[in-house]
Amino acid sequence: MDIKHHQSGARRQRRKQPHTMVQRLLSWGLPVSCSRFLWRQPGEFPVTAFLLGTGAGGLLAIGLFQLLVNPMNIYEEQKMMFLYSLVGLGAMGWGTSPHIRCASLLLVPKMLGKEGRLLVLGYALAAIYVGPVANLRHNLNDVIASLGCTVELQINNTRAAWRVSTAPLRAVFKDLLSSKELLRAETRNISTTFEDLDAQVNSETGYTPEDAVDSGETAQGREAHQAPASSLHLSTQKMYELKTKLRCSYVVNQAILSCRRWFDHKHEQCMKHIWVPLLTHLLCLPMKFKFFCGIAKVMEVWCRNRIPVEGNFGQTYDTLNQSIRGLDGEFSANIDFKEQKQAGVLGLNASWERVSTEVRDYVHRQEARLEWALGLLHVLLSCTFLLVLHTSFSYMDSYNHDIRFDNIYISTYFCQIDDRRKKLGKRTLLPLRKAEEKTVIFPCKPTIQASEMSNMVRELLETLPILLLLVVLCGLDWALYSIFDTIRHHSFLQYSFRSSHKLEVKVGGDSMLARLLRKTIGALNTSSETVMESNNMPCLPQPVGLDARAYWRAALPIGLLVCLCLLQAFGYRLRRVIAAFYFPKREKKRILFLYNDLLRKRAAFTKLRRAAILRRARQQKAPRHPLADILHRGCPLLRRWLRRRCVVCQAPETPESYVCRTVDCEAVYCWSCWDDMRQRCPVCTPREELSSSAFSDSNDDTAYAG
């Protein structure tokens with residue numbers, strides 16, 4: 001079965017004519033000298049190869065530096081050290097080693113694979129952070145500032161309204177405080193004026209103290225029968241009435257005494273002027289009539305019965321006396337305001353300014369942490385190049401040492417081998433069976449094939465989380481922007497505070513009390529009119545919405561990530577092309593091995609596939625639900641999924657399909673698979689009658705290198 005190498009003459013003849021598609025394309029698009037240089041034999045053009053390799057390696061190193069190292073936030077000295085190191089290594093590697101050149105070119109398909117997606121994923125996260133996340137952070141910070149401004153505005157408006165409403169009262173108290181000296185002067189004038197009345201009330205003129213004591217004891221004795229024993233002290237009213245009576249009695253007695261002295265004086269004068277003895281006594285006898293002076297006693301009775309003293313004089317005097325004594329004290333007034341702060345939440349005793357500051361500081365700390373994480377992400381993304389370079393060398397080593405590694409491509413040389421065998425009349429492989437086509441790849445086909453489809457679907461599923469994250473963040477950003485913009489347009493408030501105050505107190509008269517009242521109560525004569533207007537326009541949130549360009553910038557890396565998932569299959573095909581270009585002998589050995597391996601599996605195909613065919617046949621023989629038959633007959637669109645399938649390649653049943661005629665078998669085969677089975681049903685044919693040249697491929701099959 002194994003295919004041996006042809007003779008060296010045949011090899012030299014084939015070397016003259018390009019065989020692979022890459023060789024044909026390069027020969028068609030490049031000059032002859034370039035084609036000759038690219039397909040040179042080992043040891044040809046050593047100086048040219050070294051110089052061109054050194055230049056290409058240096059340029060590649062500079063490009064990698066600009067792409068990966070230059071965006072890093074490091075010192076310029078370190079950047080220059082990296083630049084010199086990369087240029088030196090790239091130049092020496094490309095100038096001396098084909099392995100370095102191969103690994104370097106393998107970076108291109110690797111960037112189209114999972115390693116490149118990892119790098120693009122980092123840029124996608126950075127784009128999401130710079131776009132929707134940064135805008136969300138800005139809008140939320142603006143709303144926090146708006147809330148703080150609104151609360152401060154309410155506090156300021158309340159404080160201003162309180163000051164305006166209490167301004168008249170504070171003005172009255174200030175006027176009273178400023179007129180303190182005037183009030184003191186007025187109280188001194190009042191006290192001086194009251195001294196005359198007080199001296200008159202307390203005076204003992206007009207009576208003798210002995211008469212007052214005797215009369216007081218008589219009055220107390222008389223009141224003792226009418227009042228309890230504890231109230232023997234005379235009130236001001238009683239005392240003044242008593243003094244008035246005593247003064248009246250004193251005036252009457254003084255009048256009587258004066259009258260008697262007058263009669264005595266006139267009698268003496270009469271006796272001096274009339275010296276006739278008998279006639280003297282007769283003519284001066286009327287001067288002895290002093291009893292006429294007793295007529296004044298009638299006035300004393302009138303005074304006692306009709307005292308000219310008002311009934312409330314004593315009470316008025318006591319009240320006025322107490323007030324005057326109070327005015328003699330120090331006049332002072334102080335205005336004290338006490339502000340009591342209460343916590344809005346139990347256990348919280350902090351002002352809004354402090355809370356707002358703490359919230360802003362917390363937001364800034366989170367932003368700093370996120371910025372640090374983003375910087376670390378940039379560094380890791382720059383270091384991703386090392387991972388890509390490692391995977392390139394790993395692929396090259398596996399390609400040269402493991403002959404089964406990524407050996408599933410039906411290349412041009414594979415077709416040439418099959419054509420030569422066909423001309424020699426030997427057994428060939430092309431065209432492949434349907435079951436075999438699922439395990440290999442035709443690199444020239446522009447479609448994604450079965451071996452690549454599963455890997456591509458897995459990569460697309462891995463892209464869904466970042467895509468959902470972008471959709472959620474963009475939707476959340478748009479929703480919050482719409483809400484905040486609605487609030488900004490419909491939350492405008494105009495604060496208007498109007499205060500009008502007018503108080504007028506008129507005190508008439510020109511008396512002492514009137515003047516005092518005009519000095520005190522007259523201070524309440526104030527009037528004011530205040531208009532205060534403000535609005536919350538400075539406190540309204542000013543949200544920023546992302547434009548279409550910002551959304552495109554955020555979605556572009558995600559779209560590139562999806563495109564890389566779709567292009568990964570073609571990038572992986574390019575890996576083999578690059579490795580085959582630098583190691584053509586190894587590629588021929590790998591293709592020969594693949595061809596021989598497929599020949600062995602083709603010989604044992606029926607035996608190897610018998611277990612899977614039996615399992616699928618048993619599934620077909622299982623009774624179907626009646627609903628499936630109804631849908632199969634009534635819904636032509638669903639017949640594609642309700643039809644039976646080939647037990648070998650799982651192709652849907654067609655009118656040309658072959659159904660095994662063995663009783664209780666009825667296995668379905670498409671004509672190509674029936675021919676591959678050599679028109680013998682593996683389900684109903686005994687195992688001994690099938691081909692016995694089976695080789696187990698459970699552990700040694702070639703696999704797709706993802």
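Glycine is treated like the rest: Cβ placed from N, Cα and C.
TrEMBL: automatically predicted annotations, no manual curation.
A quick note: this is a predicted structure, and the numbers were derived from the prediction, not measured.
Feature annotations, reproduced from TrEMBL:
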TRANSMEM  45-69  transmembrane segment
TRANSMEM  81-97  transmembrane segment
TRANSMEM  117-136  transmembrane segment
REGION    207-230  region 'Disordered'
TRANSMEM  370-389  transmembrane segment
TRANSMEM  463-484  transmembrane segment
TRANSMEM  550-570  transmembrane segment
DOMAIN    646-685  domain 'RING-type'
Reported mean pLDDT - the domain 'RING-type' (646-685): 81
When counting Cβ pairs under 8 Å to the transmembrane segment (463-484), the leader among 45-69, 117-136, 370-389: 117-136
Chain residues in Cβ proximity to the transmembrane segment (370-389) (below 8 Å; excluding those fewer than six residues from its ends, i.e. six or more beyond): 64, 68-69, 71-73, 103, 107, 110-111, 115-116, 118-119, 122-123, 125-126, 129
Helix, strand and coil residues within the domain 'RING-type' (646-685) as assigned by DSSP: 6 helix, 5 strand, 29 coil
